[in-house]
């Protein structure tokens, strides 16, 4: 009777418990009578539900709130065994064994090509032609990533020359009579490419046609191969230019030659569109004598230690070609248009496996010719004619495959949802506002200090507010200027960090948290945000946007 007629003072009791440091309340009884008065209280039983299931639910709730539960006692009849929880989805532990990529080609009816860029070769049954196969990728051939033109990583022209020489050497046609590069081999937006070097049947003089093709690793079976280069290989040159090989490079540097400036060359080349990484920065010194340019070239260690496996390493020969970027006045800054080699004529490899060379580059018609020699002056490579042509970023991007493989996040406009009239009560301009869908906002203000301090303060405040929202209902976090929707940029880096925090919460409790970013003058109807059913929303100028993956 006293309980019915007297003052219960339930609120005072709860306040006293909180003052004494109590953080969790558990109601023990046949049904939750007091729990509705305390949103965070944990009931042990619920009406019309199984008692055991209700009790286990209560224990589980207490466990998630950080309380120690003696689970072994709870499940004694099942002889329980404690195991570690699975990690988050983004914490992977890989157990697969790495496959051996250098298997024996003979096991599948092929012969090993014995070259770093080619894996196997096979002779055709219905002709005297041959096909060489391989795979190229910056991951397996790291030096490839150091050759970029206009922001696009591509195989240097010297790489095509090396492939042609290696294939021709197999059939007694090691001389490149002509080789035209028709399309660049781009690696920008793909992991790797399959490669084919195809030799035709010998003609009456013993020469053979050569063509170099590639196709993406993940290409469909019916996707056509792209031809990058074609030309003719011959056993020997008819009427070789003896003046080229007769040049004396034993005296070094040549008498009377004027030193050229090479310091800072690679930095200036970046402005011209050539981004040479460490593997291709082999130009050490240069001189000018008349119209001829001379240079010392060393294969950098970043290009690998397998120079002997190549006829001439593409990075070494490309560095020799870089001599053309030095001007004739000796200032070292005469860089012309962004032009890449496309027509090689009468190229002969005299000695294989060089890692350091001397180079003479001479003008020849509209192009140039080149003698590459070893430290004793003996010829290594001769190029009787080489032509280059300008290239644009648009031309290179046409071969990158980016339109097929590159995805991005795009903010898409959606119809304005019907709201429930729940507005933003806090001062959004001062920081971040955290809402329940059916309750007023809780403002998290921004104090003084630098960005790192403010970021920690706001993130801690938001995290505390999220934890204080209980277990039921939707939670909406509102920011301003934290995401770039229409190209306006990110105006609030602290708010952007809050988006990352909320995304982590969304990953742990899908469907519970919503984050919305408003424009400077936009009002946010929290009820409308929840009704939209999207985890991320942006409002700009009264228009509503949601993120979508697009090509």
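We count from 1, first residue shown onward.
Keep in mind that glycine also has a Cβ here, set from the backbone N, Cα and C atoms.
Marked as region 'N-terminal hotdog fold' by TrEMBL: 115-240. Mean model confidence for the region 'N-terminal hotdog fold' (115-240) is a pLDDT of 92.
The domain 'PKS/mFAS DH' annotation in TrEMBL covers 115-397.
According to DSSP, residue 147 (active site, proton acceptor) is assigned to a strand segment. For residue 147 (active site, proton acceptor), the same-chain residues 6+ apart in sequence whose C-beta sits under 8 angstroms from its C-beta are 153, 154, 155, 156, 276, 277, 279, 280, 315, 318. Per TrEMBL, the feature active site, proton acceptor maps to 147.
Among the features that TrEMBL reports, region 'C-terminal hotdog fold' is placed at 257-397. Helix, strand and coil content of the region 'C-terminal hotdog fold' (257-397), in residues and according to DSSP, is 34 helix, 59 strand, 48 coil.
Residues or ranges marked as active site, proton donor in TrEMBL: 318.
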